[in-house]
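J.: Sharing a structure here in structure tokens format.
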Amino acid sequence: MKTDIEIARSIELVKIKQVARETGIPVEHISNYGRYIAKVDESQINEEKVQQSNLILVTAITPTKAGIGKTTVSIGLALGLNKIGKKTIVALREPSLGPCFGMKGGAAGGGYAQVLPMDKINLHFTGDFHAITSAHNMISALLDNYLYQNRDNGFGLKEVLWRRVLDVNDRSLRYIVTGLGPKTNGITQESGFDITPASEIMAILCLAKDEKDLRRRIENILLGFTYDNKPFTVKDLGVAGAITVLLKDALSPNLVQTTEHTAAFVHGGPFANIAHGCNSILATKMAMTFSDYTITEAGFGADLGAEKFYDIKCRKAGVTPKLTVLVVTARALKMHGGVSQDKIKEPNLEALKQGVANMDKHLRNLRYFGQTVVVAFNRYGDDSEEEVDYIRTHCEKKGVGFAVNNAFTDGGEGAVELAELVVKTIEEQPSEPLQYAYDDEDSVETKISKVACNLYGASIITYSAAARKKLKHIVELGYGNFPICIAKTQYSFSTDPKIYGAVDNFEFHVQDIVMNAGAEMLVVIAGEIMRMPGLPKEPQALHIDIVNGEIEGLS
């Protein structure tokens with residue numbers, strides 16, 4: 001079979017204006033970024049139509065290090081639904097350069113279920129990540145200048161919370177010292193870099209309702225504390241207007257096309273392990289405005305992405321999914337059954353049977369939110385019929401709909417079985433009104449306990465001294481009603497990435513809590529998770545090149 005980029009290049013794209021027209025988007029409200037990409041003015045969102053659309057979340061069991069194909073299934077399902085006559089748009093996150101050149105590769109789908117042009121989407125796209133990175137680091141520069149200019153007059157800060165960001169994986173930048181050298185180089189202080197998808201600016205962009213809300217949230221970003229323990233925000237710095245200007249164009253959702261020329265929105269890109277893991281509210285609502293069915297995905301496993309989708313995104317956006325699709329692979333189930341990563345492609349029915357406990361736990365958790373769930377088996381060429389049949393039978397015994405997805409090899413035709421199951425399930429048994437994992441009024445400790453104990457399976461919650469201090473600050477500053485966003489490993493229900501399966505009765509250690517007052521959420525850092533990833537021993541960058549003007553190795 002051809003590589004992803006070979007398939008992408010073999011498809012003759014249609015002009016984005018044609019995609020817009022066929023979708024019902026007025027072309028006078030799009031701004032072209034070349035022939036095949038456009039931004040759509042957020043004024044085109046119609047809240048009445050949003051409430052009429054069928055929103056479907058695609059999530060997954062705990063993934064392998066190579067991922068699980070959730071984006072491919074999301075795109076494939078959209079193709080399949082369009083194939084059976086249901087007007088459908090997929091709304092996805094933008095890829096980050098970090099994993100694109102690091103371990104996972106790109107995030108534009110795969111095979112014959114991709115969003116196009118995949119090379120541009122995976123690389124610089126419309127410059128949204130550049131704008132977010134620039135806006136974040138502009139705040140850093142302006143804050144450092146404020147500290148320098150006020151170094152002798154008592155108006156400086158006792159504590160600086162704001163770090164920098166960069167859209168690459170670079171472990172050496174996690175902790176740095178700035179302002180070294182002569183005094184004219186600024187105040188010497190400890191700092192560090194997070195990856196751009198973990199930026200609070202990214203979260204704000206994805207949660208903002210409009211430009212006015214964007215500015216309000218930027219004003220509220222907490223930068224540090226004064227010497228008399230008062231919070232110091234971007235509003236105090238006086239630069240909210242300038243930062244909003246940098247993000248003005250980035251706020252508009254990006255319109256592209258699938259491998260079968262149907263519309264797709266790709267906008268925003270927070271990771272689900274270190275951020276809230278969902279594309280922008282504006283892009284999702286735009287898709288819902290112009291479609292009868294909207295497919296969206298949330299990053300990594302359901303313990304991370306789906307929980308945050310329900311408890312943060314849906315809560316803020318006022319939307320409820322009619323159905324959740326849980327993506328499963330035989331490879332991941334075998335890993336959870338004790339097979340090492342290098343042997344998960346080999347048939348092993350006994351290991352798969354053991355690993356099904358991970359799927360069952362995710363199913364139980366999704367039902368905790370009142371969701372009707374169907375299982376999409378994302379098929380690989382090395383899956384045996386016995387493995388597929390076992391999972392199908394297991395799901396049938398549990399009363400869960402099951403369909404095989406072959407969109408990677410067959411495009412929309414390979415997702416018709418899944419599409420028909422989705423439509424039938426929504427018509428006969430749609431999800432109940434969303435039941436959140438916690439209430440806004442719950443204390444922060446209660447919120448953490450409800451997610452960690454009820455969903456992850458923890459038996460005890462412990463806090464570092466730094467986290468305990470933050471809990472006190474949160475109450476004093478009036479941030480206690482914010483939802484929580486737990487940052488932890490994506491490879492386990494626990495905080496230990498080496499413990500697979502359906503682990504229970506473990507200690508859940510809260511290392512720190514980051515107060516994202518602009519995004520209006522509390523990032524709870526658990527275990528040893530890093531908000532700036534490192535590169536693997538053999539990064540994807542080693543396989544990417546340009547030959548005769550054509551990009552090779554991008555996936």
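Note: Cβ is positioned from N, Cα and C throughout, glycine not excepted.
According to Swiss-Prot, the protein carries these features:
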BINDING   Thr64, Lys65, Ala66, Gly67, Ile68, Gly69, Lys70, Thr71  ATP binding site
J.: For the binding-site residues Ala66, Ile68, work out the Cβ neighbour count at 10 Å and name the residue with the minimum.
T.: Ala66
J.: Which ones in the same chain are close to Gly69 (ATP binding site), with CB under 8 Å and 6+ residues apart in sequence?
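T.: Listed in sequence order: Gly110, Val327, Thr329, Asn378, Phe408.
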J.: Measure from the Cβ of Thr71 (ATP binding site) and count the other Cβ atoms within 10 Å, all protein chains considered.
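T.: There are 25 such Cβ atoms around Thr71 (ATP binding site).
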J.: Does DSSP put Ala66 (ATP binding site) in a helix, in a strand, or in coil?
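T.: DSSP call for Ala66 (ATP binding site): coil, neither helix nor strand.
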J.: Looking at the binding-site residues Lys65, Lys70, which one has the fewest other Cβ atoms within 10 Å of its own Cβ?
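T.: The binding-site residues Lys65, Lys70 were compared, and Lys65 has the fewest Cβ atoms within 10 Å.
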J.: Would you count the other C-beta atoms found within 10 angstroms of the C-beta of Gly67 (ATP binding site) for me?
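T.: There are 20 such Cβ atoms around Gly67 (ATP binding site).
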J.: Please list, in sequence order, the residues in the chain of Thr64 (ATP binding site) that are at least six apart in sequence and whose C-beta is under 8 Å away from its C-beta.
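T.: Sequence-distant Cβ neighbours: Thr329, Arg331, Ala332, Met335, Gln341, Ile344.
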